[in-house]
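Residues annotated as active site, for GATase activity in TrEMBL: 2. Marked as L-glutamine binding site by TrEMBL: 94. Taken from TrEMBL, the feature ATP binding site applies to 258. Sequence annotations record features per position, and here TrEMBL assigns domain 'Glutamine amidotransferase type-2' to 2-207. Marked as site 'Important for beta-aspartyl-AMP intermediate formation' by TrEMBL: 358.
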């Protein structure tokens with residue numbers, strides 16, 4: 001819905017209008033429809049607006065009747081606690097509801113919100129600033145703090161307009177990135193900047209700052225442990241997803257859908273098409289094992305959508321990867337970023353908001369790694385025996401999840417416990433590989449953050465614990481970052497109906513074998529979709545906007561990758577050892593193994609270094625200001 005930013009001074013100085021203007025201007029893409037600012041002594045907040053609800057009257061910041069409480073909001077609320085009497089509402093905007101809920105109930109109301117949000121509330125009487133982020137981490141919020149001030153923003157690029165935010169690299173975050181292909185909250189790639197974690201508040205008053213949790217996705221598993229009711233039926237699953245889709249279509253502008261050729265977005269299409277004409281958007285590739293246009297067209301025809309397509313090429317990658325590195329703020333080491341960015345650009349010509357299928361795999365058990373998790377050490381031991389034989393007999397394929405890649409991944413888990421095995425099947429670089437690659441190491445074990453989240457669900461069913469782990473890490477710090485940045489780069493709000501508390505609560509109350517049995521994944525969601533989608537979609541493999549990175553890096557994109565990852569560039573940046581990277585490029589090109597995932601991550605890292613970490617800040621733009629009361 002918008003981009004928010006602000007600063008709170010602790011040193012007696014007034015908030016600087018020029019600094020706020022620069023932060024807000026850096027996020028004009030998040031809110032092309034308007035801008036506003038509040039200055040009240042030591043506090044300044046700014047908002048860029050993407051008008052979706054109450055288009056004519058929803059400018060931010062919004063205050064209460066006497067101007068003592070103001071709020072700015074990025075996101076949407078789909079349900080709120082009821083307001084008491086005596087409030088005069090001037091708009092239909094969610095932001096105004098926040099102001100009055102805070103007046104009535106203090107901070108207690110936040111845990112009852114349903115929606116995707118990051119917001120700031122300024123209580124002028126108490127001189128208190130409150131920041132909050134939704135429980136799934138759908139909407140972003142980052143901040144930097146020192147003894148003199150606290151600055152916050154929806155995106156890192158806004159903070160990087162400030163001279164008082166150092167650009168020192170966080171070596172522990174770099175280690176996390178190379179282990180997980182993501183930087184886990186609260187870290188960012190910069191040691192001076194932190195993410196407000198999902199489900200947390202930041203409260204700053206009288207010079208003191210504290211961060212506290214108000215909600216956790218682990219509560220869904222706790223509720224499941226305490227429940228004595230019957231497990232949900234397939235009809236319950238269908239009704240929960242359908243109700244969430246209806247809520248996520250709210251607004252005064254049309255909402256589109258990012259449609260792959262798979263189950264998750266296909267089911268969203270079936271439900272969304274009930275509420276009026278629907279526009280759908282998808283990406284395709286020239287490589288046959290990656291192209292999903294036929295499946296998406298089939299679903300679009302079935303439900304009569306106005307369907308739009310974009311074809312993605314290696315040339316697009318060469319031209320756009322530096323742009324994507326800038327837009328995403330953090331290195332995005334997955335090739336899906338490119339088609340996602342292009343589909344969002346395609347959608348921006350028709351809609352301001354679009355639904356997408358993030359979260360379905362983690363909630364309903366959609367990954368083959370979950371099947372391997374249930375098989376446990378047997379799968380890893382078998383893969384460890386077979387993988388070397390396959391590697392010698394079969395050249396590495398450039399297709400979608402080739403056999404040698406899957407076997408090598410499974411083999412990594414041999415001899416490990418459940419948590420470490422789950423990580424090993426998904427990790428980018430092992431600890432030994434990172435030691436050979438990095439010029440300087442962080443001091444923390446990346447797995448420590450993983451272990452802490454896993455420990456929160458002790459006593460719960462093992463598969464659900466691993467699904468929750470992915471929900472709290474991979475979804476929050478990888479998939480949702482991609483959805484937000486790709487969409488907002490083009491002024492499109494991405495909505496994620498599966499990531500709804502009611503849907504999550506239901507999914508985690510399913511029996512384990514209703515999620516995964518043998519090699520069958522996402523069983524309950526597939527069963528719920530049988531009445532809505534053709535059999536080849538319901539029973540087909542997992543889909544998504546997956547790019548043919550392996551083929552590109554062995555073909556048309558190889559010269560670009562070798563130049564971007566050249567020894568001269570890597571020595572100048574000083575992050576990774578050139579000889580180790582050159583060896584990876586050579587091994588991939590020789591078809592001895594598929595190394596496209598680590599190579600793409602390194603490519604994203606080196607581009608991010610030059611277009612974000614060391615790039616000059618954007619120029620400032622003046623905008624309207626509302627003085628404090």
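Even glycines carry a Cβ here, placed using N, Cα and C.
The CA atom of the residue listed as 'L-glutamine binding site' is located 12 Å away from the CA atom of the residue listed as 'active site, for GATase activity'. Residue 94 (L-glutamine binding site) falls within a helical segment according to DSSP. The average per-residue pLDDT of the prediction over the domain 'Glutamine amidotransferase type-2' (2-207) is 91, rounded to a whole number. For the pair formed by residue 258 (ATP binding site) and the residue listed as 'active site, for GATase activity', distance between Cα atoms is given as 20 Å, rounded to the nearest Å.
Distance from the CA of residue 358 (site 'Important for beta-aspartyl-AMP intermediate formation') to the CA of residue 2 (active site, for GATase activity) is 20 Å. DSSP gives residue 2 (active site, for GATase activity) a strand state. Look at residue 258 (ATP binding site): DSSP puts it in a strand.
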